[in-house]
Amino acid sequence: MKSIENKEEGSDEESGLGYQNTLMYGRYQRDLSEAAREEARRLRRLRKKRRRDDKLRQKELAATGKPRPRGKFFKVLGYIWRHTFARLGEDWIFLAVLGIITAILNFAMDRGIAICNNARMWMYNDLATSTFSQYVAWVSLPVCLILFAAGFVHIVAAQSIGSGIPEMKTILRGVHLKEYLTFRALISKLIGLTATLGSGLPLGKEGPSVHIASMVATLLSKLVTTFQGIYSNESRNSEMLAAACAVGVASCFAAPVGGVLFSIEVTTTYFAVRNYWRGFFAACCGAIMFRLLSVWSGAMPTIKPLFPTNLPQDFPFDPQEFAVFVLLGVVCGLLASLWIWLHRQYVLFMRNTKTLSNFLQKNRFIYPGFITLAVMSILFPPGIGKYMAAVLGNQEQVLSLFANFTWSDELTAEQASIVSHWRTPEVEYWGCLIIFFFSIFFLSMVSCTLPVPAGIFVPAFKMGASLGRFTGEVMHYFCPLGVAYGGHIQKILPGGYAVVGAAAFTGAVTHTVSTIVIVSEMTGQVTHLLGIMAAVLAANAVAALLGPSCFDSIILIKKLPYLPDLLSSASRMYDICVEDFMVREVKYIWNRMTFQQLKDLLKENKAIKSFPLVDSPASMVLLGSIHRWELVRVIERQVGRSRRLQVAAQWHRRALQDEARARTRRPSRFEVTPAPDMLHAPGTGMTRGSSLTTKDQGGLLPSPGQLFRPKSILKKTNSFTLTRGLASPPPQATTPSPASSPAQVYSTVTGAETRIRAAFEAIFRRSTLLQDVEGGLSDQLTPGLPRSPSINKKVQLPRERVCDMSPEDQKAWEQLEMAKEIDFDRMLGIARKRDLLPEDSEYEDETLYICHIDPAPFQLVERTSLLKVHSLFSTLGVSRAYVTAIGRLIGVVALKELRKAIEDVNSGVLTVATRPSPPTTPLPTIIKVPSTQPAPPSDSETAKLTTSEKT
């Protein structure tokens, strides 16, 4: 019965070493090395669990973003940069590299597109023998390329779909769009755009080129930031992105001046003049490199315009033709607005049709495959494609439309070969021009909706050129000798009308006037500059009156956080104030809040990146704002792993001091001495009445008197008594009483409980001294004792032990720490003193994390008009502003609320009559404090005192 009770008491501690109670004494079934390995595995699992919990806490509270590692490579690169290129001017080198890299990428894409187009034409002309085989060859390669582009873009980076200019407008506005300027998006854009344009669909590359240049600028800025901190500034990044937009257009069309102006008009609302030279220099480097690569590759004999023309310079057009140019601009504005409206309605129809939308989302390749098959079937040359010169590429089509001769006159052999693509036995050239215009009009509108990288500039350019060519041919038909002016008669040149129409239509679609310069640089002539200006201005006026540009329309479709323009005729924008549309339920932090309250606030509002700091919830006096990441660092500094290990080490040192203090007390007469059980070692010749000496047991267990606390003999243990007359009792084993003789020492040996404690204390207290268990045990065992079979196994003991808390202690400690208050006033005071005296170490406090507090966030008063708010947000690039009333925080307004208010004002939904009434805020209570000082004398009392003194 007694043995059963003893077995139940020691079962918990003995289970680690597999202690088994036998009939007489009992023995261990597992050796010490196995128990050590199992304990090490348990501790390793515990460390992984704690590390996983720490990461989970950071993931719940912190924003996304990982710090970039700084290695030796970046240090060496930074040293080389500072001593070589940085001396020549950082911006100059950076912009030159940006232009060169963008030009190389654009040239590589052009070569890939040319290879795909040549392969398609080779399959159509040489490989196929019948009409059906020609049709299969005509549509098979484009369908495969589009499906590949759609799948590749979807897998690598879906942010590269589309043009890219609407996203760049939003990014330059100050809004961070996730994953739009990454390396994955760059690779996806390059390969996807090459496959898309190589298919032959009526799409362009101008918008994607702007996006590619912006991604290259961002990646270069990140690279330079690793060894040069100047490019980590947010304003510097925006300057480089503005220059990159100009580089994209310049390297695409070899038009540096027009590229700079186009980037200013399209991407920015308010342009900083200091970025002007950056855009010109980078665009010039990109355009020169792009044309040089064309010459070096043999594609062109020398540097020349992209679409060269030979319009006469002595008398390009009659002054009466200005009216026709303006009329052509008006028609281009109307048709461009119709194209934008139809495109938006088509996208909204596809999106709002839930059944069709869900089906196409589940089957992503059906829509691009079907649309590509339909478009290429329409463009099939033996079919409808013979009326629109489908066998010609984009550049050949534009060059034939810009041809400097009239298609209805007597033609040479070379001219007849050009016109043969635009004339059929059934339809004359003007009918082919009309069919070409409307085919590109609808096919480009549908093709732009494909989930692939694509632009709209080139299709709009071709539509305008065909419309202008048709106008010129009609003018020549009615006025074959030209328009007489001043006795001089000059024939009408339809090629000039094509140039004017191309500039007017692209300007109307994009709502820009920089197409005047782009077309002049692309054609290499300025003879029709005044006519182009008149047509473009007229087209812009009509298009701006009827609707937004194509880029603004895409912003509305995608619901990007971009501010629309206020209508100048809407006088309501002066009457609507910020208090009419601000958010009144503000999530804020306050001084002396607890860490637990801060943690709950961060977990409940994961989308908020910055929180306002107020004095107290009662006063609501705005003190500043703190970024979310800084607040996460505050919590991590309070209950993080480093702080927990520091506290655990302090607890451990305190426990060791208490233990050392307890050992120095007077020893007891009834001290218990533990001894090892060597029965499991075969061949030792040991009996229950024998014992090991201190030398023998040194390799197995440390000296018992050094590690084990004295144990009362009154406590129930599995113990037995050895016989008298030990061979050589250890000096610290017992403390003999005065009545006992040294030869007869009574030594009580504890059982399994003490052996387990001795084993683990021996392992974890002496782990810093044992480098290898195999060598330590084998050398210290006596030569006469055979080694156990499991002794040869290695036990990997930790070289550096980390003292940590148990899970229960950790939970209790975290609850205690999270209940403490945060002293933001102290943080702000120490930060200010450090700024004033940076070398003074008096204000250093290792226990307090000094978070960065913005003491002056952007603020508005409640009566600020909508016009002023729009101007401030657009000029300064502000993303949010706090609304205060006499210093008290009453609301916050962000881009979302401001954009909604502008749309409501422009549409007439938000007016003075319909605006919400502000809630009545109680006036602050005025407390009159009685003064202990006497009141100053009045004027009459002062006069009486003065007269009395005189008398």
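All residue numbers here begin at 1 and follow the chain in the order shown.
Here the Cβ of each residue, glycine as well, is placed from N, Cα and C on the backbone.
According to TrEMBL, the feature region 'Disordered' maps to residues 1-20, out of the candidate ranges 1-20, 41-60.
In this chain, the transmembrane segment (495-519) does not touch the transmembrane segment (135-161); fewer than three CB pairs sit within less than 8 A of each other, excluding pairs fewer than 6 residues apart. The DSSP breakdown of the domain 'CBS' (578-636), given as helix, strand and coil counts, is 22 helix, 16 strand, 21 coil. The stretches the transmembrane segment (276-296) and the transmembrane segment (92-115) are in mutual contact, each linked to the other by at least three Cβ pairs under 8 Å (pairs 6 or more apart in sequence).
Within the chain, the transmembrane segment (433-458) has long-range Cβ neighbours (under 8 A, six or more residues past its boundaries) at 146, 149-150, 153-154, 158, 160-164, 188-189, 192-193, 195-197, 201-209, 211, 335, 339, 342-343, 346-347, 350, 364, 367-368, 371-372, 375, 378-379, 384, 387-389, 394, 422, 427, 466-467, 469-470, 473, 506, 509-510, 550. Panel annotation: around the transmembrane segment (92-115), residues 85-86, 190, 193-194, 197-198, 205, 209, 212-213, 216-217, 220, 224, 231, 240, 243-244, 247-248, 250-252, 278, 281-290, 293-294, 297 of the same chain, lying at least six beyond its termini, place a Cβ under 8 Å from a Cβ of the stretch. Here the transmembrane segment (181-201) sits apart from the transmembrane segment (495-519); fewer than 3 CB pairs are under 8 Å, leaving out pairs fewer than 6 apart in sequence. Under the criterion of 3 or more C-beta pairs below 8 Å, with sequence separation of 6 or more, the transmembrane segment (526-546) and the transmembrane segment (322-344) qualify as touching.
In the predicted model, the domain 'CBS' (578-636) has a mean pLDDT of 88.
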